[in-house]
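Below you'll find the structure, written out as C-alpha cells, and then a few comments.
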Amino acid sequence: MHSYVLAVLFALASALTIAWGTVVRHRIVESAPQGSSAILVAMRRPLWWAGMSTAIIAYVLQVVALGFGPLLIVQPVLVMSLMFTLPLSAMYEGRRISRQETFWSAMLTLSVTALVLIGRPVGGEDHPPLERWIPALAVGIVVLTAMDRIARRQIRRERALLQGLVTGAVFGYVAVLSKAVADVFVASGIPGLLTAWELYALILAASLGTWVQQNAFTAGALRTSLPAMKIGEPIVAFALGYLVLFERFRVEGWEWGWMVVAFGMMIVSTVVLSRLSI
C-alpha cells in the first residue's frame, strides 16, 4: 500500500520522537564524567533508558513511514527532527527560541518541502537483488571501519568529527535497510520477515550505529560531532536509495538546478541548526 501523505505523517512523528530522545541523551551524556566510563554512567540513569526507548519507537515509526512511501520522501522529512529539537532544548534550558533558530528552521522546512514537491520521488524496486547489496555493504564496511580506526588515533576535535561522520553514514545504511525491511513485511508478512537477511542486517547496523553514536558523543564537543552525523545520514541514504533501491526523482532539465539548491540549503540548515541545538 502506497500513500505519500501517510508516509510524511509517520515520518514527522518519527522526527519528533527522535528529537526528544536525542535531547534527553545529549543532556545525560554531557553531565556524565569524561572518559571511557561516561556511557556506563549514563546507562545507570532511568532517563537515559527512556531516551533509548523513545529512539526505538522512532525507528518503528520510520519503518511504518517507509512502508507507505519511498526513502527519498521519508529521509528529508526525518531531517526535520533538528527543527523539533530546538523547542525541546529551549524548554530544558528555560529560554525562548532565538530569531536565528527560527530563521534556519524555516529554511530547513522550505528546503525539505522543495525536495519533496519539486523532486516528486517515486519508489524503486521492492526487492533489490543481493548482488546489488553486496558491493554497497562491502564498501561501507571497509570505508567506515577505516575511518573509525583513524578517528581513534586523533585528538578530541578530529575524533569527534570523524566518528560523527561514521555515525551518520551507519544510520544512512540503517535507513536503506529499514526501507528494505518494510517492503519485505508488506509483501510477505511476519513469516517472510523472520527469514529475510535484511531484518538481521538492520538489527546489527542499528546496534552498531547506537554504539558509535555514543562514542562520538563522548569523543569531543557535540558542536563538532552532531553536525557531522546529520550531514552523513541523508547523503548516504540518498546515494544508496539511488544505487541500490533504484528510487528516482522525477525531474529533468533546469529542475535539477532547483534540486541542487534545495539539497544544499537542507545541508547548510542542518549544520547550523545542529550547532544551535547544543
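Placement of Cβ uses the backbone N, Cα and C atoms for every residue, glycine included.
Lifted from TrEMBL, the feature list:
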| type | residues | note |
| --- | --- | --- |
| TRANSMEM | 56-82 | transmembrane segment |
| TRANSMEM | 103-121 | transmembrane segment |
| TRANSMEM | 133-151 | transmembrane segment |
| TRANSMEM | 160-182 | transmembrane segment |
| TRANSMEM | 194-212 | transmembrane segment |
| TRANSMEM | 224-244 | transmembrane segment |
| TRANSMEM | 256-276 | transmembrane segment |
Sequence-distant contacts of the transmembrane segment (103-121), meaning Cβ under 8 Å and at least 6 residues beyond its ends, amount to 8, 69-70, 72-73, 76-77, 79-80, 82-83, 86, 247-251, 255, 258-259, 261-263, 265-266, 268-270, 272-273, 276
Could you tell me what the rest of the chain brings near the transmembrane segment (133-151), counting residues at least six beyond its ends with Cβ under 8 Å?
158-159, 162-163, 165-166, 169-170, 173, 201, 212, 219, 236, 240, 243-244
By a Cβ-Cβ criterion of under 8 Å, what residues six or more beyond either terminus of the transmembrane segment (56-82) are in contact with it?
1-4, 6-19, 21-22, 108-109, 112, 115-116, 119, 121-124, 174-176, 178-179, 181-183, 185-186, 206, 230, 233-234, 237-238, 241, 245, 247-249, 266, 269-270, 273-274, 277
Counting only residues 6 or more past its boundaries, what in the same chain has a CB within less than 8 Å of a CB in the transmembrane segment (256-276)?
76, 79, 82-83, 85-86, 98, 100-101, 104-105, 107-108, 110-112, 114-115, 118-119, 223, 226-227, 229-231, 234-235, 249
